[in-house]
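Accompanying notes for the structure given below.
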């Protein structure tokens, strides 16, 4: 009757730890495995290796875990809330909002004149612009969603916001220099590296708030599986739970996009993959499972992206799409219908 | 059981319909009836007469334009959604959002108003769910996924879910649509059995007037100008069913209690 999920979770946790260590031990500089383990506990003779591990690889691996798990969870929340298997954190227009913010900072800086431009284009300004952009789009979606009852309409409105921002971005790119365009495109590739510990701390704080909010939404999410009217008849306050779910998603997806760029397919593919393997719709099981899967897949994608033992660093967004899109196709072919 | 009749639902001077900023569309007005505890009540009427609107108003999905609804002596407007969830459960016509739910998962969602913040099922909850499954005779379907079920089975599962919610009243909106003749009779008979066994008050809307006449304790008949609520035999002798539909095509035969197509 009650399926025991202890073993799957145990196995996934072990795989996650393995991927974490694997991810840290791979890179352009080859460091012996024993030294990698040693450096985690702060006892390595070679100082360069120590610096590489603690300043570069460890922050990157932690970023990968937060990005993967966060995007997976926001995808799960959106798919249930919008009862749409195609929903992801980005259909709400959260990433388009972030892109718009970044585009205005990078591409629009030319319009503001020389001196201003150098001040504007720093890492922090991009983070702030992205957060602000996604937050503003979110506010707009929230304002609309309190008026529109139909969740499908909110989904379409999210897509429309996406189109509007895409249009503004292309207008901006028409007027900007090749250099600025390149910078914007690089941001669009997504990147898990280059986060300092301080940035990571801020990332972690906002991310945690989002995760805690989603944990508190678990019961409501399960009720929403029956549809709005049934959920209401079960005593669920539709308005407030919808608000909390959207707010949590935007916090998680917004910060991720701000710090790591728009990363595709993880939010869409991971929840479906998890449902296939865990064969349940109970969010109490799905939420931690999506967390683990998202983190594992992201660590693997990142390990592939840095092309082990070479100096190349492929754009992470390309890897996630290469991994994510086939997964979605495979799922569709296998069950002929996307169910959730 | 006392011989004293207890009215569990009381509707006074109710008018139902839709309200927008500009206009008010009244679907039906001047509705008065009282429902007794432990009865099976059928709501019948022609298409578009407002059966669903009435049910939606009773379950607080939409608000009444005027008048009063009291459930268990409490005014519906002042009852919070969570309180109402413990008094009234529903089975709707709208399709299930997630067909990937297993039968057990779906039925246990009925325990939602009673579970803790994360929705853990206590042993008591689990046994309530199993009881509900047993009452509806679908204990064997427990581990099936909803997409594997037939329409008839799915309807039973939805009824089991409403039972698991452990409410005094269950409201069903057209529980027999999409079902074959056998399952129509089966579902309605099941509802009758449930009122007897569990003492719940069950209100359903249906187009199966013949079946409803045979099985219901009370019937609510919605007509263009009035809403009548009485025992089926009284309604027949008052000739209420005769005026339900235009007589040129179908007529009510009082002797058999069924409709005949005019030849």
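Even glycines carry a Cβ here, placed using N, Cα and C.
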Range annotated as transmembrane segment - as stated in TrEMBL, picked from A:32-55, A:152-175: A:152-175
Of A:90-112, A:124-145, A:152-175, A:204-225, A:245-273, whichever stretch has the most CB pairs under 8 A to the transmembrane segment (A:285-306): A:245-273
Cβ-Cβ under 8 Å with the transmembrane segment (A:90-112): same-chain residues at least 6 beyond its ends: 78, 82, 84, 120-121, 125-126, 129-138, 140-141, 154-155, 157-162, 164-166, 168-169, 172-173, 175-177, 180-181, 183-184, 187-188, 246, 249-250, 253-254, 257-258, 262, 264, 267
Long-range environment of the transmembrane segment (A:204-225) - Cβ separation under 8 angstroms, sequence gap at least 6: 66, 69-70, 73-74, 77, 80-81, 83, 231, 234, 236, 241, 244-245, 247-249, 251-252, 255-256, 281-284, 287, 291
For the transmembrane segment (A:245-273), distant same-chain residues with Cβ under 8 A (at least six beyond the ends): 63, 66-68, 70-79, 81, 85-90, 92, 94-95, 97-99, 126-128, 130-131, 134-135, 138, 141-142, 145, 187-192, 195, 199, 203, 206-207, 209-211, 213-214, 217, 220-221, 286, 290, 293-294, 297-298, 316-317, 320-321, 323-325, 327-328, 331, 338, 340
